[in-house]
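According to Swiss-Prot, the protein has these features:
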TRANSMEM  16-36  transmembrane segment
TRANSMEM  58-78  transmembrane segment
TRANSMEM  100-120  transmembrane segment
TRANSMEM  141-161  transmembrane segment
TRANSMEM  165-185  transmembrane segment
TRANSMEM  221-241  transmembrane segment
TRANSMEM  253-273  transmembrane segment
TRANSMEM  292-312  transmembrane segment
TRANSMEM  343-363  transmembrane segment
TRANSMEM  373-393  transmembrane segment
TRANSMEM  399-419  transmembrane segment
TRANSMEM  424-444  transmembrane segment
Amino acid sequence: MSDSHLTAFDKASKAGFIIALGIVYGDIGTSPLYTMQSLVENQGGVNQVSESFILGSISLIIWTLTLITTIKYVLIALKADNHHEGGIFSLFTLVRKMSPWLIIPAMIGGATLLSDGALTPAVTVTSAIEGLKAVPGLSHIYQNQTNVIITTLVILIVLFGIQRFGTGFIGKIFGPVMFIWFSFLGVSGFFNTLGHLEIFKAINPYYALHLLFSPENHRGIFILGSIFLATTGAEALYSDLGHVGRGNIYVSWPFVKMCIVLSYCGQAAWILANKHSGIELNPFFASVPSQLTVYVVILATLAAIIASQALISGSFTLVSEAMRLKIFPLFRVTYPGANLGQLYIPVINWILFAVTSCTVLYFRTSAHMEAAYGLAITITMLMTTILLNYYLIKEGVKPFLAHLVMTFFALVEFIFFWASAVKFMHGGYVVVILALAIVFVMFIWHAGTRIVFKYVKSLNLNDYKEQIKQLRDDVCFDLYQTNVVYLSNRMQDYMIDRSILYSILDKRPKRARVYWFVNVQVTDEPYTAKYKVDMMGTDYMVRVNLYLGFRMPQTVPRYLRTIVQDLMESGRLPKQEQEYTITPGRDVGDFRFVLIEERVSNARQLSNFERFIMQTKASIKHVTASPMRWFGLQYSEVTLEVVPLILSDVLKLPIKELVPVEDSEA
């Protein structure tokens, strides 16, 4: 990593500051919409809260933001960048060589992040639209929750519908809008606290600890389930590291934290001033002057949409990384934007839309959604803590110190998990079931890959080089193609899948001028694009290792085109002049890609469990993108050949010949 790149990544700028507000802080920045409402409603309403309860609640929020968001994520996790990229899968690629079992927390963390994220657009948009109940001219319409639901669904339909076109055209306004949003949070919160400056006593952690064990707290330790809502967006700070750079997060986080803390303090001051009024509105909107409410609702809705957009984009990135790490099925990925970071996965987009819409229809109100929200993200944070522990050790921190620091955070997060576990029976089971389904798919995909590696036999290419040369020169066979390309998942030195050599020599001898054996390896670095070539001492057999970062598209034909030109220019590969062509001077022949799919035969070597894994994986493949799409072969000549997973499992079955009886013997 060059010093210039490091400096650019770590330094801040005015533009970077604004961009960070629009990308990184959407989730945590919209938490004031519903966190205080959840605390008050779980206490029994505004008229049931006391000054000590409010002080304790604000103190818990402040210290939760400080311990988890500021110390763990901003000060520790942001250091764990994988070539400027963050997120749980980037962190996993940094430490995966330290222990094979680390794939487990990576899969669990990724699954829970995706599942809990499906709830975020529902909670934030519904909370914003419910603010219309406080608008004098619209309150009679939106007191009917059905109208809130309809409006929310319309916004979600538009939001998910525009994903296919890319969001670069509206992304430019995200930063300025969120700057206005955070400024409003800070200013309105500050003015609301002027009548109750004693609210700032909440900075003292004594009030937080006192509330946890106070009889005034009707929920005891389980109040932390609502407190945790204030910091659910902390994981996004780390996940979006690569989009904005570490320096911009360092500079923008103090501003964001100050604004949201002032907003919580302002809502708390309003509650203290109105606890005997009997008003049962969301404290966030109720604390705003009535003549400004409609504008605040519009601003809150925009902030909720931006938060949802950031989450949707983050989900696409998370899934694409999982696919390239071979722990998730392959789905079609498109790039509607001008850069690789703006990707779109249609299947994931509409699954998210379906889950989010069903969440709105099932829970109906933001209060009911809040009861289920946050449970899965506590698990994500715990999994990140486990991986961070290994990262610190890898970076030279003494194991005892690393274990001590991460055990502290794990203990804090486990307490939040325990406090949030009560949400399971109040709707939390929805995100848990979704997370388990995602983990199941990841496990099947990962285990299936390991089984294939276990049973597929490999042969040495050098042992068959002479046969392939004879086939190449044998005019008795028609020319199958000028260039035949085999994509292999497993190619260690000269060892290659037996099924590939079987396809060339046995199944139907494939005569070609050049045989290509291509293996794509996903690197720990996000944006690697390198290759290594071995001509094997010939001009007709080419071993190609493509080294692509886990965020790079695996469009093999485009890379291969460059490699062919390089080899011909260096004289390692003879030019393939074309007698008939509409392109004058064309010196590259035609290509055919052969894809080999291993399917489970009636293999006796497979255990029942392994058979279940492989059959389930085969079923999942029916709804996933084909390898042809994944490797960018839609416009190439492709042959798909199916072979049994275990070629050697062809046993002679006993059978007797019936000898016809002659008439004379009858």
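Glycine too: its Cβ is placed from the backbone N, Cα and C atoms.
Since this is a predicted model, take the numbers as computed values, not measurements.
Between the transmembrane segment (100-120) and the listed ranges 141-161, 253-273, 343-363, 373-393, 399-419, the one holding the most Cβ pairs under 8 Å is 373-393.
Ranked by number of Cβ pairs under 8 Å to the transmembrane segment (58-78), the listed stretches 253-273, 292-312, 343-363 are led by 253-273. Between the transmembrane segment (141-161) and the transmembrane segment (399-419) there are fewer than 3 Cβ pairs closer than 8 Å, counting only residues 6 or more apart in sequence, so the two stretches are not in contact.
Segment contact is absent for the transmembrane segment (399-419) and the transmembrane segment (16-36), given fewer than three CB pairs below 8 angstroms at sequence separation of 6 or more. Remote same-chain residues near the transmembrane segment (292-312) are listed as 22-24, 26-27, 29-30, 33, 117, 120-121, 124-125, 127-129, 131-132, 134-138, 155-156, 159-160, 163, 167, 171, 174, 177-178, 180-181, 184, 233, 236, 240, 284-285, 349, 352 (criterion: CB distance under 8 Å, separation of at least six residues from the stretch ends). Cβ atoms under 8 Å from those of the transmembrane segment (253-273) belong to residues 21, 25, 28-29, 31-32, 35-36, 40, 46, 49, 51, 54-55, 57-58, 61-62, 65, 69-70, 74, 182-183, 185-186, 188-196, 199-200, 202, 230, 237, 283-284, 286-287 of the same chain, restricted to positions at least 6 beyond its ends. Below 8 angstroms of C-beta separation, residues 117-119, 121-122, 126, 149, 152-153, 156-157, 160, 163-164, 166, 312, 315-317, 319-320, 331-337, 369, 371-372, 427, 430, 434, 623 of the same chain, each at least six residues beyond the ends of the transmembrane segment (343-363), sit close to that stretch. Listed by sequence, the residues of this chain that lie at least six past the ends of the transmembrane segment (373-393) yet keep a Cβ under 8 A from its Cβ atoms are 68, 72, 76-77, 80, 88, 91-92, 94-95, 98-99, 102, 105-106, 108-109, 112-113, 115-116, 119-120, 123, 225, 228-229, 232, 234-235, 238, 399, 401-403, 405-406, 409-410, 413-414, 416-417, 420-421, 423-424, 428, 431-432, 435.
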